[in-house]
């Protein structure tokens, strides 16, 4: 086992974690689902790399934070992974905040966006600080930020699913299941039936599993309230007319089709022929029909 040496802060992701890059990433049109997958991918790849390249083969007897206690490639990658993942969580918070603000006018209680943003920012900031402040730099402060991350997640579970009205029942059931899952893990960790590394693995698995369900429920709630608005925005001219939506014709007014126009034209021609005697070849019954046409036109009330 190698000895512990003082840690020097070196971030291999320096170009990716600049303020300009994070600001551009926050303003980009990236779906929260994609950001959540990116955070999970960064953590899984970075932590697995640190596990397979660490110089301490029995690190799992203590906790995951031991992976970042050495000034080696594995320690640098582990701490850089935590710092980058925490910053991505803050970017994820900006995207979720925008979605919650749109829902707050219809389905969310007042303050939902602020409360959710507070707890998500607490999780992201503490996760980054855990990478910037390893155990060898300041053990007490490292433990404080670790407990702060747990407190942020507990507050998120206790508030957000119940403040959004009309949210999927799956999210609330998942929240109750995660709380029971963490309570059982804590009951096993208190008498040292499982070590800190196992408890941390359980907590992170529950956190990212719940986050995935939360993103899906948030997207479903947004789509459910966008569809009626889109249907209402369709102009009436473009909507198909059915027997229920077709406007009723006023009583006493008939629509003029092609056949009615032709019959009216014949009546007018016959009336003119009967008045002026312009029939060159009168047919049988033509005069009588012309006279009837004239009398019919004279009896028809004039249009106003």
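Cβ atoms are placed via backbone N, Cα and C, with glycine included.
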- TrEMBL annotation (transmembrane segment) - matching range among 145-164, 205-224: 145-164
- Check each of the ranges 72-92, 240-260 against TrEMBL and return the one annotated as transmembrane segment. 72-92
